[in-house]
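J.: Quick one: the structure is below, questions incoming.
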Amino acid sequence: MSNETKCPFNHTAGSGTTNKDWWPNQLNLNVLHRHSALSDPMDPDFDYAEAFKKLDLAAVKQDLHALMTTSQDWWPADFGHYGGLFVRMAWHSAGTYRTADGRGGAGGGQQRFAPLNSWPDNVSLDKARRLLWPIKQKYGRNISWADLLILTGNVALESMGFKTFGYAGGRADTWEPDDVYWGSEKIWLELSGGPNSRYTGKRELESPLAAVQMGLIYVNPEGPDGNPDPVAAAHDIRETFARMAMNDEETVALIAGGHTFGKTHGAGPASNVGPEPEAAGLEEQGLGWKSTFGTGKGKDTITSGLEVTWTSTPTKWSNDFFKHLFSYEWELTKSPAGAHQWVAKDAGEVIPDAYDASKKHRPTMLTTDLSLRFDPAYEKISRRFYENPAEFADAFARAWFKLTHRDMGPRARYLGPEVPAEHLLWQDPIPAVDHPLIDAADVAALKAKVLATGLSVSQLVSTAWASAATFRGSDKRGGANGARIRLAPQKDWEVNQPAALATVLETLEGVQKAFNDAQTDGKKVSLADLIVLAGAAGVEQAAKNAGIAISVPFAPGRMDASQEETDVDAMAVLEPVADGFRNYLKSAYKTPAEALLVDKAQLLTLTAPEMTVLVGGLRVLGANVGDSKHGVFTDRPGTLSNDFFANLLDMGTEWKPVSAANDVFEGRDRATGAVKWTGTRVDLIFGSHSQLRALAEVYGSADAQEKFVRDFVAAWNKVMNLDRFDLA
């Protein structure tokens, strides 16, 4: 080989055997550093909300309407209309959302990235997004991919004669894949029952998952594991849709409404289909699933392997889905690709062909469509919708809006002229500010009043944390605004220590009432604001106890929600099963406590340094649930010291597990053997894990006390304001 052809690098940065390969159980902190400015190409001062406000939404919609019926030779439109394809694209963008952790959903435009862009359930959606590129290119930064995908779904419905409930923009794009747990299977569409199965017992789906197989959005349309049993499929439908916050009525409306349009594609065997986008060659330029069956497109398209058109008007809103569902008896058959589907017995050919106007077909359905007839609860709803088309249309409009906006959080984030006026319970509504807000003098006076009540630093800090730390950056739910900590179900959560919480809230309500009653100009302080303000007072007092004067930032403007404005069932999913910041585990889990801490920190949008400083601070402030002494490595609780780190890193202490599960440890004096401290896995990980130990060493150093307090206050303030979208 000549010198010119020898490459000096056999491997490049990031290749080779990784730490994860060597130590697969190592705690992964990478999830805390996703979506930073380092991966974002936009200017530091770019504000997507402001950019969207300058968008001519009507012009974008006009262009989208034109696109719907402008069929492209490289990817022809079924029935001459892209509506069905774009409805599916929007549905699959939003439909990854799950209630358990709020992850997934349309926000961020994650359908552009792996693994979602290459899921088997998303075959051909690469083409849908590519059809949209000229419009995205035209409007540039003023509309994100995330917003455009959902807007296109809405316009598709409108262009086919359906009146939508509304549309809100405000979904800023992300620029790299989310790190989401989608399951443990190693094979796409792996069946249940294997070593990596997501099911246990009597088909009990693993939490937080909300799909039946790896690479699907919800259910297998052929039935559970491909078994064409509509009744069994109903179980899967109900479970997966419920995990996306949909009840039975919304589920029926979505399935029937979505399947009023378009068709599925199974013109030939799947063996003709090439690799998915992430595995395709460079020359494919991000497209995948290139097919060698016939022309590979149009009438020869292979997507799901099913070949079903539900209605006689697949580009027009109608009640045909229910008409066909109930008018015929159905017999099992197979698509040209060999997939299980159903055909109407003794039916005429009333279904148009997607590409040949001279052809007609008999009505066809999926196994999961028939579930809407043969499951008793679904059947009642389906018949009601069949007999009341206007009710069905309204139900679908509302369910579609919920599907496509569920992960956006409160209405404060909604942008654009088509935001519906109606406030919906699932949006966790909070009253608008209707009174003058407290000023700096009031803040100082209220802090003094709070500290004079006799409530401890621990009580003040714990209550404020419990109120604010319900926030999830995934779906923007939770947080201190609304003061829902005083309402069901939050007031009764074990992690919030209901009896102790009630005492603190009663005391703070007394301070609130006294202040509000004394005002003559209508000025008020909400309990939501006062809870956060009281926490700030506690932190300032704890810093003062450490000899450091610092002011915790505070911005009034929170309001108090009512019980009637709170969906108890929907709010229940925010209950922490673990909160390592308070050294809390609801029960024993397979997932280590330290991994649950990182997961919680990621939902709180914290970095590893922020997580570290908060744990160390909350321990010495006595914020543990049940006043547990685990991790309270200080002899001066209530003082915002760096003792947690200094004592954890002390080589004079030897740690040993004292529980069978290796989840509780004793730290003994190496010289005397006397027990000095006790701690959990969440505590000891900051001395064990090399990256976290490096951070702990920063805060455990002799010169770190002031920096520790300053960093704690900054991280604390961040958490207190995570849901303050009005401050952005």
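Placement of Cβ uses the backbone N, Cα and C atoms for every residue, glycine included.
Since this is a predicted model, take the numbers as computed values, not measurements.
The active site, proton acceptor feature in Swiss-Prot is assigned to His92. Residues annotated as heme b binding site in Swiss-Prot: His259. Summarising the annotation, Swiss-Prot assigns site 'Transition state stabilizer' to Arg88.
Quick one: how deep are these features, and who are their neighbours?
T.: In the three-state DSSP scheme, His92 (active site, proton acceptor) is classed as helix. Around His92 (active site, proton acceptor), taking its Cβ as the centre, 22 other Cβ atoms fall within 10 Å, counting all chains.
The DSSP secondary structure for His259 (heme b binding site) is coil. Of all the Cβ atoms in the protein chains shown, 26 others lie within 10 Å of the Cβ of His259 (heme b binding site).
Taking all protein chains in view, 24 other C-beta atoms sit within 10 angstroms of the C-beta of Arg88 (site 'Transition state stabilizer').
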J.: May I ask for the distance between His92 (active site, proton acceptor) and His259 (heme b binding site), taken between their Cα atoms and rounded to an integer number of Å?
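T.: It is 14 Å, counting Cα to Cα.
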J.: Could you state the whole-number distance in Å separating the C-alpha atoms of Arg88 (site 'Transition state stabilizer') and His259 (heme b binding site)?
T.: 10
